[in-house]
Amino acid sequence: MSDTISCTPETATFEAPQLQFNEDGWGPCELPDAFKDIPYQPFSKSDRLGKISDWTGTAQTDKKFSNKYASQFGGGSQYAYFHEEDETTFHLVDSARIQKPPHQRGRFRGNMRNNRSGRGRGARGGVQVGGMTTLSKSANKMRDQRRGTTRKWGMRGPPPKIRDASVTVRPDWVTIEEMDFPRLAKLSLPSVKEGEDIMTCGTLEYYDKTYDRVNVKNERPLQSVDRIFHTVTTTDDPIIRQLSKTHGNVYATDAILATIMCCTRSNYSWDIVIDKIGGKLFMDKRDNTEFDLLTVNETASEPPQEDGNSLNSPRNLAIEATFINHNFSQQVLKSGEKEPKYKFQQPNPFIGDDEDGEVASVAYRYRKWDLNNGITLVARCEHDAVLKMPQGDTQFLTIKALNEWDSKIANAVEWRQKLDTQRGAILANELRNNSCKLAKWTVQALLAGSDQLKFGYVSRAHVRDSSKHVILGTQQFKPQEFANQINLSMDNAWGILRCIIDICMKQKDGKYLIMKDPNKPMVRLYDIPDNTFDSDGEGEEGDDGEAFQPMYGYSAAASTSANVTAAQSNTSATVPDQSEKASA
């Protein structure tokens, strides 16, 4: 008899776990005993537990991206391998050079299978070792040059030089416009016709062709020419005052126009005062400024550094370059009472009745240009000499001088070694270091309508003596051809000038100032009070209560050291101050 088994199903129960309530934050309040005193360290299975010495790799690696793809796990020191030196196992190793067999004497033939020089498609001139490409020393050097860095400054480039503005901006000046160089470089005003002559003044001497045969082996000393150069601004020009009644509505000089047209190449700060009177613009330079001084190595990668009263400070180099240009432009002429001269219709307007001394050979050509939209520009341009051609016609010259001061400091080619054989390399170096100055000279020659632009190569007789110079050679160009060589676009130059004129024409009558920012590639237009820069008398400070600021923004005083001043006074041409200008 079988027993009946009754299976009564039991009811499933659920017991809720005991939860801890953390009043101070989140997470458990107590740590279980099983997990106490266990250190936590981020860990990844792909991490290496130690460092392996790779004796087949090269020491020259690309350190910049060494940690780009490295994992942050396993960064603790408990997993790293530390090698402890054991003095008992120390022994000397024979380091004598082993002569390789002939078939392994190539550059990378020791392990051609693993080391491949990257010269094919997609290669970058490196060496592939164990699947990792490392840059060679030459490739690293080329990379640094492309990035503009050097090892001298720790791969960060030289520290930026902070320059001061050419004039102190006062709080009551109102900024009207900021024009950055990339935007100005895109402007263009094509189809501007050749300037039309309104009046010609002055007397010119003829160029001495014997200076075309000067070379390094037949150098000539630069002589001191005691002549007066007039640097008259726009509103002080009696001819422009007369022409402003009948011709044009914008007035300037060739130097002022060239500064504005070539502003995108400039690094130093400069400023130009613009007066708007009755719908007419007068562009002026300020009195007692260094506007007329020539910059030296302004656009070089390492421009001259300020070093007190050193001969190679920016201000002293500018003074030296200016006097070299004055003396050179007069020495290469056929001067003398018996020598013929080329006279224009009117005499020099800046020679006063009580003026003592001989005036430099400079002729002035007053010209006008139609810039469309009712804008007519009237400007005073200059010629330096004339040249009689074999065909009988006369050509007008613009004469300038390039000066060498210290080729080692300037990182330039030494002229005495390369001028006769590699003149193109020297000129290319000058174009790189003095791009703004050469562009302004070219613009001035084009505005004046000069037939030739003649350059002289003048160097110091001794590197440490700025008082004696020698002429090493000359070179001439047609202004338009030279403009094409230096990538100077007159359409862009006219466009920059027209842009600034249009902005000023929209303003009310008053005084304005356009200034190149000393540390940024841009120019600013300010609305300034009418009495700014006015002076009660000669030698006094303006009503702003401060003396003029130097053009380059350095702290050098207006007077140089005693030896520099004495040296310059012995070799320089006489340059009168603004107070010596002839009155209208």
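Backbone N, Cα and C atoms are what each Cβ position is placed from, and that goes for glycine too.
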### Message
Need the matching range: Swiss-Prot marks region 'RNA gate' on one of 275-289, 290-304, 305-319, and I'd like to know which.
### Response
290-304
### Task
If Swiss-Prot is the reference, give me the range from 57-78, 233-254, 563-584 marked as region 'Disordered'.
563-584
#### Entry: For the region 'RNA gate' (290-304), mean pLDDT (0 to 100)
90
### Message
With Cβ-Cβ distances below 8 Å as the criterion, list the same-chain residues six or more beyond the ends of the region 'RNA gate' (290-304) that contact it, or say none.
### Response
158, 161, 231, 255, 259, 265-268, 270, 312-315, 317-322, 325, 403, 405, 409-411, 432-437, 550-552
